[in-house]
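Let me begin by presenting the structure, written as structure tokens, before commenting on it.
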Amino acid sequence: ELHFMKKIPTGAEASNVLVGELDFLRQPIVAFVRLTPAVLLSGMTEVPIPTRFLFVLLGPEGKAHQYHEIGRAMATIMTDEVFHDVAYKAKNQADLVAGIDEFLDQVTVLPPGEWDPSIRIEPPKSVPSQEKRKMPGALDDSASHSKPEKHSGPELERTGRLFGGLIRDVKRKAPWFWSDFRDGLSLQCLASFLFLYCACMSPVITFGGLLGEATDGHISAMESLLGASMTGVVYSLFAGQPLTILGSTGPVLVFEKILYKFCKDYTLSYLSLRACIGLWTAFLCIVLVATDASCLVCYITRFTEEAFAALICIIFIYEALEKLSHLRETYPVHMHSNLDFLTIYSWKVMDLGPRSSELPSYPMFPCAARAPPLCPDALFLQECRYWHGEFQGPACGRDGPYTPNVLFWCCILFFSTFVLSSSLKKFKTSRYFPTRVRSTISDFAVFLTIVVMVLIDFLMGIPSPKLHVPHVFKPTRDDRGWFINPIGPNPWWTVLAALIPALLCTILIFMDQQITAVIVNRNEHRLK
């Protein structure tokens, strides 16, 4: 059929409709198959073009004519410009059924007794455009007067009563409270649990370390971990949208840096002032709840959501690349394979003052540069770090003698983790293994990637930097406890002055949390 082949446009794909009878069937079986990619099935079509869709209908004997008519109807639907777009993009059975319903709404039906089927109906002189059918809401009467999409719902309506919105939220949530826990008992949710554990623990400890550097250890990894644990549990149990994950963010880190520098410049107690700001922030958040301030979310546009999501992505990507680039300072790259870089190093003690008499008298620990040892020694490194010595020599990095391979190994881990995670996530659409196995691997993609790369790193034995997790449950600094006096050594007026930075912190937290909740609640996520 080469003559017919010339009339088919380039890139066309076929839909095969197959119907039949089987004597052992008790009820009809229907399957609609979309192949990825399209496959050339020899002998199925008149012309050699790849097949994208298969419609199969098998049923018990005696109804061959009905099956044939259903097949004709399905073939007619597949010629519709709008429905085959739906078939290409459908994600589940509901999408296909919705496409069929839309087609039936637009089809013209002729009654059987009013026309002669043997007479040919002349086609129209001009075919009407189908673009209107492709526009969402174009067929509604009010479509021409429709306004830009806004976030709406009973949870975003102002009640006019104190805590009215909170009371309505509780009433709306209460009937579903226990089912939220029961519905979470599934394998797919287990994959989310494991992924979120890794996704939450890593930034909490990492940002805790950065906070420790910024605040001189007043708030560090242990305090950050405890705060994230307590607020995370309470928020997940009682929040209106528990899918929002709480944790430290970049803007909060900047806020803490500025506040600590301010306290240091004006000799104020940082922790006491921070406690006042936290109490004022909690009070202002309660005021926002009492006045139904969440109804302001309806003014957040899709542009704001996308800009906020892009900002979060950029911050995370930048933090990851920045950490990788900073490794060059700790683990420098020495070029041209000079073996002296692996062997020559020493250390000296800088300005010990009255403790200088306590220095060890061993010849291998000189106060100034003398004959250095030729290879790393555990006791040498331990003593040097104990006396806060400064490493010197061409083989030295910032934290000790030169360690080869670390920087390049970290680059390999960095990009291998990304590539492996992306590949496993796409494994659901591969050709290997049954569907259930592929779906499970895709759901656990991130967790499996982390486990695999950690094991590879452990087996290689290269001292790549690790997250420093506290081993003892106590405050980072020995000169503070878990409970902080809001006034402490600060003047009394700092309690009132803390209202100004607390107002800025409240705006930051409110915007951060509300925009995140709006993104989670998008219609395309189809949350119940």
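Just so it is clear, glycine is given a Cβ too, placed from its N, Cα and C backbone atoms.
Annotations in TrEMBL come from automatic prediction, not curation.
Database features (TrEMBL):
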COMPBIAS  142-157  compositional bias 'Basic and acidic residues'
DOMAIN    3-117  domain 'Band 3 cytoplasmic'
DOMAIN    161-528  domain 'Bicarbonate transporter-like transmembrane'
REGION    115-157  region 'Disordered'
TRANSMEM  190-212  transmembrane segment
TRANSMEM  224-248  transmembrane segment
TRANSMEM  268-291  transmembrane segment
TRANSMEM  303-321  transmembrane segment
TRANSMEM  406-424  transmembrane segment
TRANSMEM  444-462  transmembrane segment
TRANSMEM  492-511  transmembrane segment
Intrachain residues whose Cβ lies under 8 Å of the transmembrane segment (268-291), provided they are six or more past its termini: 162-163, 165-166, 215, 218-219, 256, 259-260, 262, 480, 484-490, 494-495, 498-499, 501-503, 505-506, 509-510
Long-range environment of the transmembrane segment (444-462) - Cβ separation under 8 angstroms, sequence gap at least 6: 191, 194-195, 198-199, 405-406, 409, 413, 416-417, 420-421, 424-425, 427
Residues of the domain 'Band 3 cytoplasmic' (3-117) by DSSP state, where helix covers H, G and I: 41 helix, 28 strand, 46 coil
